[in-house]
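Features of the protein shown, as given by TrEMBL:
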- E:121: active site (ACT_SITE)
- E:124: active site (ACT_SITE)
- E:147: active site (ACT_SITE)
- E:108-181: domain 'Cyanate lyase C-terminal' (DOMAIN)
């Protein structure tokens, strides 16, 4: 009988665990590098079991942009704040809302070179293919850069003919030619 | 009359210059960081006024891959070598062909963090959006990485409704979940 | 009816948000790098909805200098302290006033190379044009430096014929020739 | 009499020296970091005793841009190349012309942090006033950056009422707001 | 008599000490770099005198994987969490369980280059034999990498004929060839 | 007919290329970091189409050790030198033989952190699993290190049930306990 | 009338401010890098409006040495402690006294390269004139060093004929020749 | 009379100070880098006025080893713990004892390169004489290393004929030849 | 007799050696970091057995300034060039003269932190006493810096009462107060 | 018969190899970091099969000092030069002799942190035991440093009771107390 109870309890933990396991949360050890509203937003997101996809849909924005906002790397518009406050049931008294509309102090969410394997792979692509991208872009566009400011990005999932999933990241930035002066 | 000659000569230089100016070439100061065949390939490409698009078409590969090959960041297959030898009229006596099929010693074409503005913008995207990409990818795929090895990339040009060009870079890598052990 | 209330509440948040969104505030994650009066000053500025332009006018100083003072990078004169105390309604009991007149421990507000995109662009200008500035300045002035101590700076906005805004930063430093000894 | 000759010879050296001393030339120890045409351009400039002001006038460009071009940090247009070839009497057989129109591999003319005192002062301005610039620009323009690509710069000399010279550097970059996505 | 008591007390401390001394515990000075559940797990492990071998057996996983999980470098499955909760008698109310199933923010448990002598020896092997491994792997497998994601590892003890113990670490990763694109 | 000749020539290049492509060779850009005999050894190896497996068999040593010897990271015994001289038909007049028996100046074959993707993966394993290895080894062996000097290593290929190849690296080092003093 | 009061209050603040403004105090953001007695000493010094000159006179030591002692870079003798305790009215119960006599853990008061402009100038002197100092010292003294341990230093003010103040720093260290062994 | 009291009080402080001044204590600013028992041990040592020589005698170990143990760089045996607990009158309830027997996480007590002058001198010896030591050791012992694990060290004082004291540090490590494999 | 000759020859070498040993010369391994005229100047100085003191007297400048000029860290005036050309019997045809009057590219004569023990001691003084200098200078002069540009320096020898030599370096820089703007 | 010849030839190579294998020589890849006489000295030493012990005996100096001299880290006296010239049969015409008596530019023979395993172990001793050495030395000597300038060192071999060799390095430096000023 004790066994039954134990099995039941274990199943219940597994059940709870499974529900939570598809949600990105905030690693406690990087909180200090982020603006203080990051922790509040992630906590609410976790409590409400919302994915970035859910939140992006509610805000009419891209998932990448919304995740960047949670990490303090993008700015919320007043409308975003209003919707997030509603969706995440943030107390209007806290100054989370006001803070989210501050001008972000970008670029400090993680170390560079990245030590996180997923992020390192992106860095490695820049390291290995940087000059190749430059050469191809120069030939197609001339002398200039792809803006990282006037910029959109999205992440998609594709499944190939063998059933294997592929990650597809699109980086789209406005072309900025060097001024002649 | 001297004026006419001077003007004619200037026009001729301008003419030559214009022809060459859409071609990516190799900055002499980074030659030491690259395998020795890089200089040979770029020299032939410049001499024959070929773009990476031209060469990619001849090889049936992506422009990014071909440029990477020129920078010593990708390996040529025997078929690639045969076609490049023909296309660039490389002397078969040189060991450029053999070298191109060596196993590349990747990652040393430029400094990290990049100092070249175009390449820095890509690095900045990783710096600013790295954790956002991780969070979104984790929620869509689970615990793992996007491979930078089993990986394709391409660069495209889009023009928006105002006539402004945009650079679109697609990064496509196979999803690799962390093994359980 | 609930809808109406909800819409009203959202509008109210949007309204508050809009009011605040043009104010620079202090990112909570850099507070530790700054002198303790920085947080107090920014808090008061935010509470009173003052821009640096407002404060600069009250102090008879440049906006850049005032912002530098808030970040602990410049020293307040007794007169500045008196005016700031009044303007920001700082409690005279706190030692914010005394601290602002301490000798600043400059240079620690952010990492170098900067990771913040706006600040990085300034760094990149030094990286790319540093030797060009040196060569031009040497030819115009001789062997020496532009002082960064006996130095003024201002930020202005210009709008070009197409209606696009441009940022104009003026750096003005006294010429200091190397002494002959 | 020997004395007279010696004095004459010394005067002649002093004379030659004075003529040359207002010209920026290329330090031999940084040649390796620059594209190969840099040395050729500086050599011709020195031989012909031209200042960047002279060359800028001939090219209809800014002195800073011309110096940047000499350091391999800016690209020459075909028209620039034609004029430079004429002005500096470059042999059209050399491929200096072609190289100058290549896409520059920017950012490698000197180490960062700069060790050259003049350039270090500019770096120090970014280090000390970076966040102040950001705060003031954010309040004046919103969330974005000043472009370092769509960018002009000039160096001017001012003399104050006491007769002391001041260096005035103007940095003017297009305002680029962060895209909402 | 006092002597006897003292000796008894000392023996008792020695006894306690011996019991504990074969257990890896968490150095208090690295707690800040790890997710908050690390401290909770190590504390429970120490309190219950469990080795990683004990825990690995209970979870049906490798010791290395379990230790990695304790250091926040691997993710727990729901089943792992259920078993760990039981085994370590973690209070189900704490959110240790939920956190262990978060997506790990890997790579930050220690500095690189490592300063810990044991870990440095592994780093030194990569430093000294890195190119040798690459050359041998390239010849055996072609152009690609050994995955560190689709990866298993184990640690074994061997004793040679002289009775000396040897550490045997096996690194087993899937072969990933570079894609042709 | 010209077509036939061209096809024949291409086939011949492809043929040559295929023969060479399984051989690790020396990237020209790292020669400066290695002892001078490295280039000589690799050249002879390439000329004679020998794999490290071939050479290892002839020397009665492990492939990893032989590759390390080629990269200047291991010392050759007199017998190794005699056999290598024979096998690679090195001219006895050169001092390659003598140099190979010098005491290696280890650790400089590549940068750390590695930029080569294959070698980086090994580094990443140390970064991610370093503390896990330490904890497991400490529990199994006590307080000490695995020697990287009194050390063997080998690389093997395994194929799993789905036909996928796996790389298996074995690191075997003598256990060295910290001395008590 | 309110005006009068306001003016009076402002004058009073200006007055207080002026009194304090010639005193070096401790920037709150570097406290963590210093021994805990630093904060206590600076606090007492500020409260009592003492300059380092005042304190140096009381202790019979150099101002530089006293300031170094306050920053935890020099050791206090028992006599120094007794005098400081009296002068600064330190409570004898605190262990400030005992701590000041501990062996200092020098070198950690600020980052190197220094970011503080005043300290950077000293660093720049070493960077620019280091080899010149070495050459001149070698010629005057032989092969050895100027000790930084058996070392005195002082700061003086000179005013030149135009009335401009100059800072004069004297570094005086015992000559230590390299031993022959 | 007040004078007498003051003199008496000063003498008493000097007296206390002298007693304490020969004891190494823990700089408060490095506590965070050390395991938590370090502070406890140093506090007890200071309170009881024990030198490392006293403690080493009680433990039958070398002073260097005991100091390393206090800094968390060496492991205590159960017997060491028992004796330390007695000697330092540590409360057996605290887990200081247990922690001292944990496996140390070595190498993090100070920054490298060292900034502390005494420690820097040791580093400088490695920097200046490293290759000389290697060459001499290689000629005396062959190809291998001096172990830093199977290692003893001691510090002694010698006085030369002029009465000057010299520090003599002995580093004694087992010779480990590189394995042939 | 052979002995006599050998002794004679040895004495002659010792004699030559002694003559040269008080001259600073240029280490061949740093030539690449210096402008090309450095090697020429040092070579002439060595050939003519001139000390910096000799040269400084001839030029009417400080020894430190002259040594800095030889290391490419200071600029020669036309008069300096004329005198150096005479004194060192430089061929007027070489462009050493012209180069010496170029604008120096300062700061690259050696690595920072310095590895040369003599130069490191100066660096260590900045590291250890930097904040002490700042505090004392601030109290004596206000908020500003000691200029390293409008700057003189000299090296002197003092002998104390015990006959021991001391190095005295004087750093004298103009006081530059921060501008108020 | 051919077999016999081959065997004979192999034996001869083994024989030559064995003769040479106990001599430290100069790795070709570090020559650039050393003064030019280093290569000449090592070449002569190798040609004449001399160990550092042989040379040290001839010069009446320590082996460590002699090896340091060969690596450009110590200065030769005129007498040393005379003896080395004789012993190594250096041509008196070369300026090796003169160069050896130059003032060494120390500290650049290898990278720090060291990558060579033997040298790294010495560095690791400083890293792990640095604070322990400091604490013990402070307690034995007071506040000061062990000089690395007024310094001797030697390397000895000891064999323990089990026949295992141990390396014993003695570092002996004069005690320098911090001056009181």
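Glycine is no exception: its Cβ is also placed from the backbone N, Cα and C atoms.
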Count up the helix, strand and coil residues in the domain 'Cyanate lyase C-terminal' (E:108-181) according to DSSP, in that order.
25 helix, 29 strand, 20 coil
If you draw a 10 Å sphere around the Cβ of residue E:124 (active site), how many other Cβ atoms fall inside it, taking every protein chain shown into account?
22
Can you check which residues sit near residue E:147 (active site), meaning Cβ under 8 Å from its Cβ, same chain, 6 or more apart in sequence, and list them in order?
E:173, E:174, E:175, E:176
Cβ-Cβ neighbours of residue E:121 (active site) (radius 10 Å):
24
Would you report the average pLDDT that the model assigns to the domain 'Cyanate lyase C-terminal' (E:108-181)?
97
Taking each of E:121, E:124, E:147 in turn, which of these active-site residues have a Cβ less than 8 Å away from a Cβ in chain B?
E:147
